[in-house]
Amino acid sequence: MHEVNSTAFTKFLILGFPDLNDSKFPFFSIVLLIYSMTICENLLIIVLVSTSQRLRSPMYFFLGHLALSDMVLVTTIVPKMLEVIIREGSAIPYAECLAQFYLYGGAACAECFLLTAMSYDRYLAICKPLHYTSVMSPKLRYLLIFSSWALSLMLVLISLVLLCDLDFCGSYVINHFFCDYAPLLVLSCSDTTVIDIEMMLISFPIIIFPFVFIIITYVYIFITIFEISSSSGRQKTFSTCSSHLVVVFTYFGSMFMIYMVPYRGHSMTINKFISLVYIILTPLLNPMIYSLRSREIQASVLRHLLNFNKKRHI
């Protein structure tokens, strides 16, 4: 186990999962496998959306950015997490800890806004098909993407600035597997009232408002689906949209539990488990549910494989 110099504060110690014992290597292997699959899946989506002419619709444009946010999210957290698991704790420099918090926060917030933009895109496509092309113009989709990333980075920057003003004393051991705001606040000897209020306030535009908007759009989507005369078409569309909602509920539910329920007195074991769900599981499932089940994506993958085989035999 590593120790952090308590006389000159320059780093934290990320505790990780101290009770794994004999389960350390199996858990490490599972996380590494999930991380590798997540990177491959999301990188595949980005490459296909960027290179295929048939994947130029707004839906795939949003999916490409969702895949990018997932890659940033897991790459910011998981490599260091793997080190923490295998070494049973690992030191992290103060600046690197804050950088991890900022990049993770920006990607996590961007995912909330991107899921919201995608629900609006599906609402227009299913409920307003005649107006879809005119409303979801290239200008609007670029505006939605730019707003999602810019707003996320600005909102998390506020939290970062407030974190930088905190003084840390006593223990420097972060009882988590990454530098999240709640474990950092526990270590601070400063008054955290302002940052507590700030975190609660920005949770509304990041979590509550997008979640409510998504639910409203899917209510209209389901109403429209039930009006479809073809039972096979109704069943297919309903299956797709219900899968999307499972991801939304899993992601936003986890975020709500972590960031909108007061953190003091929380079981950090429960917090770690909930964090694993939206940091590890959701980025793995997003490509499977949103993209890889799509016939257009499957056709694009097949075309790329056929082209690759032709070039090999030339």
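Cβ coordinates are placed from backbone N, Cα and C, and glycine is handled just like the others.
Going by TrEMBL, these are the annotated features:
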| type | residues | note |
| --- | --- | --- |
| TRANSMEM | 25-48 | transmembrane segment |
| DOMAIN | 41-290 | domain 'G-protein coupled receptors family 1 profile' |
| TRANSMEM | 60-81 | transmembrane segment |
| TRANSMEM | 101-120 | transmembrane segment |
| TRANSMEM | 140-163 | transmembrane segment |
| TRANSMEM | 202-226 | transmembrane segment |
| TRANSMEM | 238-261 | transmembrane segment |
| TRANSMEM | 273-292 | transmembrane segment |
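Sequence-distant contacts of the transmembrane segment (273-292), counting only residues of its own chain at least 6 positions beyond either end whose CB sits under 8 Å from a CB of the stretch, comprise 31, 34-35, 37-38, 41-42, 44-45, 60, 63, 66-67, 70-71, 73-74, 77-78, 104, 108, 111, 118, 176-178, 180, 243-244, 246-247, 250-251, 254-255, 257-258, 298. Contact between the transmembrane segment (101-120) and the transmembrane segment (140-163) is supported: at least 3 Cβ pairs lie under 8 Å, counting only residues 6 or more apart in sequence.
Sequence-distant neighbours of the transmembrane segment (238-261) (same chain, 6+ residues past either end, Cβ-Cβ under 8 Å): 108, 111-112, 115, 118-119, 122, 126, 180, 182, 199-200, 203, 206-208, 210-211, 214, 218, 221-222, 225, 271, 274-275, 277-278, 281-282, 285-286, 289-290, 293.
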